[in-house]
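Worksheet: one structure, shown below.
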Amino acid sequence: MGSVSAKKGVIVLVPYCLQGHMTPMLQLASILHSKGFSIIVAHTKFSSPNPSDHPEFIFHALPDKLNGFDTSFMNLLNVMEAINSSCGGPLVDYLVEIMKDKGQVISCIIHDAIMYFAEAVASQLNLPSMVLRTSNVAFMESHRDILRLHSENRFPLPDSELENPVPGLDPLRFKDLPVSVSSRIHDKIIEFFESYMNIRSNAAIIWNTTQVLEKYALNKLHHHYKVPSFAVGPFHKMVPASSSATSYINEDRGCIEWLDKQAPNSVLYMSLGSLSTIDEKELEETAWGLANSDQPFLWVIRPSSVNGSGWIEHLPEGFQEMVGDRGLLVKWAPQKEVLAHPAVGGFWSHCGWNSTLESICEAVPMICRPCFSDQIVNSRYITHVWKVGLELEQPSDRRVVEKTIRRLMVADSEEKEMRQRMLDLKTQIESSVQKGGSSYNSLNDLVKFIASFP
């Protein structure tokens, strides 16, 4: 553990350990550091960041009691519960040490919404706290509706209601809510949602979003919570150019050389993110639909992302011979750089919020293949609100896969209109992060807000 030299003050950031949460928290850290704050990142030992990627920060590992714990995707709720029950005491001890023994003055604690134990720590130590929401506002609104339906004893919903719109959350349907509403929701899930949604004594909410995409939802949220909300996203567009990468997974940079040889807007980039998985049947149907589409592709198949498979051994026989040099398979890619490449004309996406923002910022229309949680909500907004993507209605049908790929990648009036909408959003977002823009102004307001803490 090193020491920090306070400039405007010391901010303690408490990220959640998964890639999709760690990335925006470290981006926020870089943004605030560039504004003159010193940064301490208090993280779990499990799935911890690499301190050498950010030598400008102090990193402190919190004992999380996850050694030997089942940390698989199916047990994530228990992982979250274990972290919140075990990390509070160690964080108190660490902060008391640096405040009393080292004389450092902490301006505030900013914690991921999942790491709600940090708010209790802040209250105990009389420190201001703020919560970072790494998803979009619509996802948080969907949680509020789940809690409302639960309080009205509406679960399970009958099949006849699943296609109906959720009141006040158009265009979301009940089946788009981020839990299975056609069955009883376990009490533990409801308890987690209540903790996740409750801002308690947090002084403000920070969002990795922009008024360009969610102005109405942000205004609605402000009226509900009555605390300041700072929409300072997209974070990756606000981060100083010198900031280091935040990926846990080794990136195959050879794919950039391959893209350099492809025609403009010709390549379909495919990735389901750092957590989502598919079964062997979907892999096979996706592969044949892709092969039959005759479109060039860069396909990220993360190791163990296909159930029962180490990597690509379950790809159908003859697939790689059929596509030849038209396609490239990699284990992981430098996604922001890939999406910014002129050869990339489409993104087969799981619709995680980070990926959604990155795709919109590079004006790359999407094929939406959501798997769980906020991805389902994001997909609906991509296809029905911003109208910059296509829904993959049957991912395990090669004919549907082929048709959807062709529909996105082969230029016609619909595809041209979608690309124009993407370009318009990209232009608006670029303006929002420049001087006088909504995100630029919101960041300045956030800096002033933190600096106002005693």
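Using the three backbone atoms N, Cα and C, a Cβ is placed for every residue, glycine included.
Listed features, source Swiss-Prot:
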BINDING   S274, H350, C351, G352, W353, N354, S355, T356, L357, E358, F372, S373, D374, Q375  UDP-alpha-D-glucose binding site
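Within the same chain, the residues at least 6 positions away from C351 (UDP-alpha-D-glucose binding site) whose Cβ sits under 8 Å from its Cβ are M366, C368, R369, P370, Q375, I376, N378, S379, I382, listed in sequence order. Taking every protein chain shown into account, W353, F372 are the binding-site residues, and of these the Cβ with the most other Cβ atoms within 10 Å belongs to W353. Shown in sequence order, S135, N136, F139, P178, G352, W353 are the residues of the chain, 6+ apart in sequence, with a C-beta less than 8 angstroms from the C-beta of D374 (UDP-alpha-D-glucose binding site). For S355 (UDP-alpha-D-glucose binding site), other Cβ atoms within 10 Å of its Cβ number 23. Take the CB of S274 (UDP-alpha-D-glucose binding site) and look out to 10 A: across all protein chains shown you find 20 other CB atoms.
Taking Cβ-Cβ distances under 8 Å and a sequence gap of 6 or more within the same chain, the neighbours of L357 (UDP-alpha-D-glucose binding site) are N208, T209, G233, P234, H236.
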